[in-house]
Each structure stands twice: as structure tokens, then as C-alpha cells.
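For reference, TrEMBL has these:
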- A:Asp10, A:Ser11, A:Tyr42, A:Gly43, A:Asn74, A:Thr75, A:Thr184, A:His185: substrate binding site (BINDING)
- A:Cys73: active site, proton donor/acceptor (ACT_SITE)
- A:Cys183: active site, proton donor/acceptor (ACT_SITE)
Number of protein chains: 2
Amino acid sequence: MDNRPIGFLDSGVGGLTVVKELMRQLPDEEVVYIGDSSRAPYGPRPAEQIRQFTWEMVKFLQSKNVKMIVFACNTATAVAWEEVKAALDIPVLGVILPGASAAIKATENGKIGIIGTAMTIKSDIYRQKVQLLSPNLAVTSLACPKFVPIVESNETSSSVAKKIVYETLKPLVGRVDTLILGCTHYPLLRPIIQNVMGQDVKLIDSGAECVRDISVLLNYFEINRERTQLYKAHSFFTTASSQAFDAIAENWLKMPVKSRTINL
Amino acid sequence: MDNRPIGFLDSGVGGLTVVKELMRQLPDEEVVYIGDSSRAPYGPRPAEQIRQFTWEMVKFLQSKNVKMIVFACNTATAVAWEEVKAALDIPVLGVILPGASAAIKATENGKIGIIGTAMTIKSDIYRQKVQLLSPNLAVTSLACPKFVPIVESNETSSSVAKKIVYETLKPLVGRVDTLILGCTHYPLLRPIIQNVMGQDVKLIDSGAECVRDISVLLNYFEINRERTQLYKAHSFFTTASSQAFDAIAENWLKMPVKSRTINL
């Protein structure tokens, strides 16, 4: 057993979709969250910069004495997960392999779509992982650079959002039976994405899939938190406005959130 | 990626229930199986002897160059899993934590039953793991020493089997809403157990639960087998009669099995 918190990092608020699923599946675990909203989106940045920003968040979480770090960010996972996992002596999870595995299981016609930030799509990592495990699957990738800014500005139900999602996803409609939401911000746009893609298309939430892996690794490394009356306090940190962060977080997590603004 | 096989060990044929689930969920993985039927059941043996026999199987599997070892045996897991896991540099999985976690999620009235061999029940490990994670759950344990011999002698549908299961489980009927099959042999008796306990009682197959963990750890350690046209050959070894092993294995796995008899 290990009663220390689990650390989550993301370029902004997208990783909250992973935290929400964690709170549902593993309600006894404590969370420390860092979102780098002042430098979001990560997607269009050069890999070396993403790598540096990710390490800054990793070091911040280490200073909070976390027992595990979750890259709740596909872009950071694509660029720096393997390197950080190899360097740390605590478990480090990414969101890409869980998402890729779930999509392979979900597809029936063998046609999988992947949407993500420019960097995630450019890295080609989802296609590589899917086809390494399952070479006969057809994988269509599409970068959606406008989605993260919509979510970070809390406009996920505006008519502009609907128009952007519709126009961006048009090339994929009717071409896949399974779509990986390869960015943790995208579940906040899920109703619109589902509507555009059609109700039959299976949407794979890479962050939610990752929580299953968190649960298994807590067991494997024997670091579950005890289900006791111990005081539990989640902590949220952002590099931008805490008010803006709290508005999105409270709406998404359905609980009061008081984040703190920090510099990395 | 790692195309080496996964090693499974059990006191006899019970671990085949884990292999069957593996073949369903992860059909591309290759299996090396060792069942120590000549010395089964392990349940009534002293812990030190079980520990020694388990290490003999572990060393046999290591000689077959496996990439991961699965303790497909609750008794061996209770006695030696932590020690072997700490000693080896490949992942070593047991069946107890996956089973305990699944039961915690499944129960609605907070009353969990656990059945297993004499050693598994005496070790008290299931109750400890369940209550460490969830102290408010009521756990009732029951040793079923007659079940493994029924399975090893391939008499799982005889009227004697029905009578023994009925008489053994009587103390649990009506007292739990979830029952952990804390021995990998027991799923072979599942229809009878379900009938005796009632259709509403959730039976937790510790071995099947464990396959979910295998999948996650293959991802985490990046040691999945490639889904290619590579030749794949499962190998089965037993310390007793290969004919007797094959009869049970072919009936359970629905595929031709040609095991080899070895001495450990």
C-alpha cells in the first residue's frame, strides 16, 4: 500500500478527462494535477520544447511526492513518455498504448481513425503502435489543431465549436468504424464529435482507457491507497488563470475546485 | 515488442482456465505451460514445500526463455509470488490481486465469499487484500479441499462432483452476493457452483481477471508479440501422464493438445 497521491500532467485542462474517469473507477486515490495552460496548445510546438516543458511538469510532480505519474496528454506521451519512464523509479503511464489497444479490440471492419494534435499526428505513433500490434488494420490519421483552443477557452458547446468540428472531421466521416480521441481534450467535445461521425462509430477515449491501466499497475506494484478515513485532498495547479481553470474543472468534474497558479 | 512466449505455472490443469482466457483475449501470444499434476493438489502441503515446487516450475519456465511468468495457481501465488516477483527481472503476475479487485467492484451488498484450497484459505491472503483495499466489506472464506482432485481426475460433470460441491458450499449459500473462485481449477466446476450458489451470485474467475492484467503489463513493459505470420506453437508440459493432461486440456481449450511429460 502507498497512500501518496498520483500525479497527472497535461498541456492544459484536457487531462481532467482522465482525472474524472479516475475518480469514477478509483475513488480512493488522491490526485495532484498540473496543467500547463499558459503554454497550451503543445501540438504545434517543436518536439524539443515539448520535451522540456514535460520534464518541468514531471519535476514539479516529483516535488509533490507522487507515487506514479500519468501523462494525461497524448502530445507529451508521443514525445517524452519513453524517456521519462526509463529515467524515473516510479511507474510512469502514457495514454497512447491503452488507446491503441482499445481501438484494436473495438473495430469490426478494420478501419480505425485517429485524431490528435499536429504533433501527435506528425509523430505517427498511434498508427505505428496499432499496426505493430495488428498490421492488417487500416489507420487514417487526422490532425485537429483547432480543437484544443476551443476546449481551453471553454467554448465546447458554442455554434462555432460545432462548425469547426464538422468541417475538420468531414474527411473521416463514413470511412472508419472506430475513432481514437487521441488527445485528452477531445472528450470535452465528445457529443459534437459523435454527432458528426455518426452514432454507430465507436469513440475511444484514450484517457479513460488509461485508467484501467492505472488500476492494474497500482495492483502490480502494490501501491494502492488504503480505503480508510484518511483525509484526502486533491490538488490542482495551472500555469495560467486559476479562475479559468476552476470554471472548466468544476463543470467537468462536478465538484468544487480551487486550483493554484504556479510558474514552472 | 517481444516475440518470446508467456510462461504459465500451476499445480496441475487448473491454470488452463487462465490460458483459455488468454487465447480469447490475446490470441497472438504464445504459451508455455507447466502443470505439476504428479504433486497436485498443492493445497494441503506445507508452505515450504509449495515454495520449493513453485521455484522448480519457475526455473523450468526460465529455461524456456519466457518473457513473463504467470502464477496461474492461487496456492503458489499465496505462498511464493512476492518472493519470485522480487527475484526475477521479467514481470511475474499472480492471480490473487486481480481476483480481489474484481470482487470489490462486483459486490453490491458488501458480502464477499472466497473459496480456495486449504493453503490459500489458511494464508488468509484474499481476505487481507480485500479488506486492505476496502475495510468495510465482509469476507467469508471457505476451503474446498475436495474440488481440485475432482478436476484433476476429469470428473467435473459426475453426480459425485455435484454432491461434493453442494455439500461443501452449503455454508455460503444465501450469505454472499459475490464469490471469488480463488483457485484456477474451480472454473471447470463453474456450472455446478453457479447452480448451488444461485444464478444471482456473481462468480469471480481469478484467472480470467488476471488476463486483463497480463494485457496491461504487456503494454506497459512494451513486450507484446507482433501480430504477424510468424509460426506460433504453444507448448504444454506436465509432471504426470500426458494422456490424462491432453484429455482435460483438449476438452477445455477445444483444440488439439500434445503435452510432454517431464521431471522437475
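Placed from the backbone N, Cα and C atoms, the Cβ positions cover glycine too.
Note that the structure is predicted; figures quoted are calculated from it, not measured.
What TrEMBL annotates, mapped onto the structure for a quick look.
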{"residue": "A:Asp10", "record": "substrate binding site", "DSSP (3 states)": "strand"}
{"residue": "A:Tyr42", "record": "substrate binding site", "DSSP (3 states)": "coil"}
{"residue": "A:Cys73", "record": "active site, proton donor/acceptor", "DSSP (3 states)": "coil"}
{"residue": "A:Cys183", "record": "active site, proton donor/acceptor", "DSSP (3 states)": "coil"}
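Taking the Cβ of A:Tyr42 (substrate binding site) as reference, residues of its chain lying under 8 Å away and at least six apart in sequence are, in sequence order, A:Ser11, A:Asp36, A:Ile50, A:Phe53, A:Cys73, A:Thr75, A:Ala76, A:Thr117, A:Met119. Other than A:Asp10, A:Ser11, A:Tyr42, A:Gly43, A:Asn74, A:Thr75, A:Thr184, A:His185, the residues of this chain whose Cβ falls within 8 Å of the Cβ centroid of the substrate site are, in sequence order, A:Gly12, A:Gly14, A:Gly15, A:Ala40, A:Pro41, A:Cys73, A:Ala76, A:Thr117, A:Thr120, A:Val148, A:Cys183. A 10 Å cutoff on Cβ-Cβ distances gives A:Thr184 (substrate binding site) a total of 35 other Cβ atoms nearby, all chains included.
Within the same chain, the residues at least 6 positions away from A:His185 (substrate binding site) whose Cβ sits under 8 Å from its Cβ are A:Gly12, A:Val13, A:Gly14, A:Thr17, A:Phe147, A:Val148, A:Val151, A:Glu152, listed in sequence order. Each residue contributes its Cα atom, and for A:Asp10 (substrate binding site) and A:Cys183 (active site, proton donor/acceptor) these two points are 10 Å apart. Note: A:Asn74 (substrate binding site) has non-local neighbours A:Val95, A:Ile96, A:Gly99, A:Gly116, A:Thr117, A:Thr120, A:Gly182, A:Cys183, A:Thr184, A:Ser206, i.e. same-chain residues 6+ apart with C-beta under 8 A of its own C-beta.
The Cβ of A:Gly43 (substrate binding site) lies under 8 Å from the Cβ of A:Ser11, A:Thr75, A:Gly116, A:Thr117, A:Ala118, A:Met119, A:Thr120, A:Ala143, A:Pro145, A:Val148, A:Cys183, each of these being in the same chain and 6 or more residues away along the sequence. The number of other CB atoms found within 10 A of the CB of A:Cys183 (active site, proton donor/acceptor), across every protein chain shown, is 33.
For the substrate site, whose binding residues are given in the record as A:Asp10, A:Ser11, A:Tyr42, A:Gly43, A:Asn74, A:Thr75, A:Thr184, A:His185, the maximum C-alpha distance rounds to 12 Å.
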